[in-house]
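What TrEMBL records for this protein:
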COMPBIAS  312-322  compositional bias 'Basic and acidic residues'
DOMAIN    110-237  domain 'TFIID subunit TAF5 NTD2'
REGION    285-334  region 'Disordered'
REPEAT    371-412  repeat 'WD'
REPEAT    444-485  repeat 'WD'
REPEAT    486-527  repeat 'WD'
REPEAT    528-569  repeat 'WD'
REPEAT    570-611  repeat 'WD'
REPEAT    612-644  repeat 'WD'
Amino acid sequence: MSLEMSNSNGGNGIQRAHDKREMLCLLKLLKKYQLKSTEELLCQEANVSAADLSAISETDVQKVLGAALGLSDGEREPPRSTSVETKQTAVTEANAAEALAKFIGDDSFDAQQHEQAYEDLRSFVEDSLDIYKHELSMVLYPILVQIYFKMLAIGQKEKARAFIEKYKSDLDGYYIEGLFNLLMLSKPEELLDNDLVVAMEMDKFVIRMSRDSHSLFKRHIQDRRQEVVADIVSKYLHFDTYEGMARNKLQCVATAGSHIGEAKRQDNKMRVYYGLLKEVDFQTLTTPAPAPEEEDDDPDAPDRPKKKKPKKDPLLSKKSKSDPNAPSIDRIPLPELKDSDKLLKLKALREASKRMALGRDQLPSAVFYTVLNSQQGVTCAEISEDSTMVACGFADSSIRIWSLTPAKLRTLKEADALRELDKESADINVRMLDDRSGETTRNFLGHTGPVYRCAFAPEMNLLLSCSEDSTIRLWSLLTWSCVVTYRGHVYPVWDVRFAPHGYYFVSCSYDKTARLWATDSNQALRVFVGHLSDVDCVQFHPNSNYVATGSSDRTVRLWDNMTGQSVRLMTGHKGSVSALAFSTCGRYLASGSIDSTIIIWDLSNGSLVTTLLRHTSTVTTITFSRDGTLLAAAGLDNNLTLWDFHKVTDDYISNHITVSHHQDENDEDVYLLRTFPSKNSPFVTLHFTRRNLLMCVGLFKS
């Protein structure tokens, strides 16, 4: 019995030694790839010393890795590595063959039968009554594409190409780009990596259709016994039917165009708190505490003049009304206002009181900053909230900050000098800065790829930047150095934005996700997943509770920061979404696209308000005036357009008597106020100052 126990204990000891060796090899691997924080935490928890690590060689690490992968000793040797590659390739090909079998459906696939079925469907749509024809024609594109996938999956490349070329003229123009990308596919395996293919495989293509149109379509499939079309419809199409008259051509086109068809009504049912948060009562912050009252009827001094009570500032005495559509102030945790933040808000409020009222008869003045002689190429530009600084990102991975006022960009004093300052003084923020260090421009270096976006913090003491190197950097505008590098995205980061209330920021990337961050955490708080292609642009809602994203899948989504869920899905763009802007009231969202259109959305129900058509190229930047009456947009066509947003909302509210799928397209000339062309400079960004002066930044193209 004792012998058995000793053997058992000896076995446990051997197992523990083996586990420790694996742990040391893992730590050695972490050290090799410079994952310092993970290495330190693991060393601390496993109670491993540096001496233990030094005893592990590179050969030990390779052996442990080989054992984990299930390889023999011979396979672990470098000369035999080709056998491993052969195994992995065989597994990949087997997976690809299995995935491609899903596209074909069954072994008895007949390309001629599928083409004839599509021809019959096309004839049925053409022969339909005009009132139903436009809705029925929406089924042609997804069925055409699915038949093409099946032909390509069985290796009939030329037949698949000829099929697309024969019938593509029947489709709307905004589908041609997608078809052109599909024609670039040359091998069946390439189907598995294409965004459009994956999108239509993951989510059914949504078609909004009246119940009468849908009944006609079903009757056609049943009468003609088109099992081929019926099979594709059941697997890849979803019909969102409604009661009432069928939509006309304009109404069908208005919300079509995305990779997944139209948005379902169910996608926009959740309530959105689009109202603004209640502002701070500045009167209580700025009014000094009342002095102890003295009796007016003092017998010793009957003739003493009565003290006048301090007058209340009428600007500060206005109390903001509580918005019934606003979220509660504690719905998401917001940072407490510091004294310096309160002073900044007070300054902004006083400046806003001098704001010029804009309208159809009073257009804003515009100033255009042109970047000249930029050999590196300007990739982005951003103006600070108080309009005192402009930041530009360049293709050579550098960032440059300019001062737009006579005040120079100064840095903090040395630590010894800071200790001598009186922390209670009112101008402590000014005293902290060294006048001798003032410069008109400063550079930031740290990224290893083109910088795609810069964003100033509301307090104007921090700057965010994102880059092709898949990182986000936080820069201090007091020490003029990088404070934090955020890593989470695994592909280039296209856009990054600060929340209007500070502390939080959001980013989006080529990895098809958007992420919510806090400045004091190196891990993302939320990961927003749902887009079917890369997310190109993001924007915070004015109340900081929501984030809007625009994607190459041609959709716009609204995400709830508290739950991480998508609460709005809006379709209508015919190209990648390139710019977003919320109205000052928080109810409306404007989006611009590479299809040269601007669409206004109503966030209360996710419906399309109107489409603004005037630009001839990509709309790169959109912004609202500070009073919310004008919408300014600009793009690569070298034109700045001003739109009467007040009239847009008035017309929408007064005529909003039908559901969104009956929304008519408005005449854009009714809302267009003015177009300002630049000589030869595409616009990079637009910004309204607190007094409603419009500032523009562009790059001169020689």
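Just so you know, the numbers here start at 1 and follow the chain as drawn.
Cβ atoms are placed via backbone N, Cα and C, with glycine included.
Taken through DSSP, the repeat 'WD' (371-412) splits into 0 helix, 23 strand, 19 coil. Among residues of the same chain six or more beyond the repeat 'WD' (486-527), those with a C-beta under 8 A of the stretch's C-beta atoms are 277, 334-335, 341, 449, 452-453, 455-459, 462, 464-474, 533-540, 542-544, 547, 549, 551, 559, 561, 564. Sorting the repeat 'WD' (444-485) by DSSP state (H, G, I as helix; E, B as strand; all else coil) yields 0 helix, 25 strand, 17 coil. With DSSP classes pooled into helix, strand and coil, the tally for the domain 'TFIID subunit TAF5 NTD2' (110-237) is 104 helix, 7 strand, 17 coil.
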